[in-house]
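First comes the structure, then the notes that go with it.
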Amino acid sequence: MDAITDNIPALLHGIGTTCLLTILGYAFSLVFGTLLAVCRVSPIPPLRWAATVYVEIFRNMPMLSLLVLLAFGMPDAGLLLPLFWTGVLALVLSGSAFVCETVRSGINTVPIGHAEAARSIGLGFFGVLRFVVLPQAFRTMVQPLVNIFIGTVIGSSLCAAVAVPELTYQTQAINNQYAQAVLMFLFVGAVYLCLAFAGGLVGWLLERRLSPTRLLNRHTTRIGAGA
């Protein structure tokens with residue numbers, strides 16, 4: 001246990017960096033992935049084609065290959081970015097492709113009649129998405145988005161390959177000194193499990209709160225109280 005107790009500050013720093021990588025990578029993936037999904041369902045063909053090409057490239061590219069390509073390719077191209085932000089960029093490029101497909105699939109679950117009814121009262125393309133389609137689609141997207149969050153947590157560990165001082169990198173450095181690989185990586189696995197479980201719990205609570213049955217019961221209760 002000395003390997004852990006003697007290096008608590010380094011491990012806490014690694015956990016903090018992992019959390020920051022995950023939060024930034026996931027947040028930007030949600031924003032960019034949603035924009036990509038809007039392009040994928042857009043009536044403008046060039047936007048659809050560009051978004052499709054992007055998704056097919058980054059959804060099928062291994063995360064480690066993308067990290068190495070960015071870490072070594074960008075300096076060669078004259079683009080200097082701190083390694084931490086290189087890791088965030090890789091997480092966003094990869095994660096946004098999966099978010100895009102999740103959002104697009106969620107949009108496709110909304111009955112087309114709802115969108116047509118919204119257009120009939122004068123809403124444009126973006127108005128239909130914002131006020132009618134996306135709020136309904138979000139209920140079906142919660143669990144897939146949680147899975148993407150868990151993938152982001154796990155994917156952040158690959159940033160150790162380009163010397164980002166997150167949890168896995170710190171653990172490797174400590175193991176090089178203490179040679180207690182089993183203990184150290186059991187500890188790391190437990191930390192990642194806790195982070196993934198926390199994300200899953202938030203997703204479960206959201207899914208439960210937004211379930212159609214729960215919303216209907218809440219609405220019925222309000223009507224009964226008003227009567």
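Including glycine, each Cβ sits where the backbone N, Cα and C put it.
What TrEMBL lists as domain 'ABC transmembrane type-1' is 15-197.
Annotation comment: TrEMBL describes 12-39 (among others) as transmembrane segment.
As annotated by TrEMBL, transmembrane segment applies to 51-73 (among others).
Residues 17, 21-22, 24-26, 28-30, 32-34, 36-37, 40, 51, 54-55, 57-59, 61, 63, 66-67, 70-71, 145, 148, 151-152, 155-156, 159, 162-164, 166 of the same chain, all 6+ positions outside the transmembrane segment (79-100), place their C-beta atoms under 8 angstroms from a C-beta of that stretch. Look at TrEMBL and you will find 79-100 (among others) tagged as transmembrane segment.
Annotated transmembrane segment per TrEMBL: 121-138 (among others), in sequence order.
Summarising the annotation, TrEMBL assigns transmembrane segment to 144-169 (among others).
Residues 1, 3-4, 11, 15, 18-19, 22, 142-143, 145-146, 149-150, 153-154, 157, 167-168, 171, 174-175 of the same chain, all 6+ positions outside the transmembrane segment (181-206), place their C-beta atoms under 8 angstroms from a C-beta of that stretch. The transmembrane segment annotation in TrEMBL covers 181-206 (among others).
Against the transmembrane segment (51-73), the recorded stretches 12-39, 121-138, 144-169 differ in Cβ pairs under 8 Å, and the greatest number is found for 144-169. Outside the transmembrane segment (144-169) by six or more residues, the chain places 11, 13-15, 17-18, 21-22, 25-26, 29-30, 63-64, 67-68, 71, 83-84, 86-87, 90-91, 94-95, 98-99, 102, 105-106, 188, 191-192, 195-196, 199-200, 202-204 with a CB less than 8 A from a CB of the stretch.
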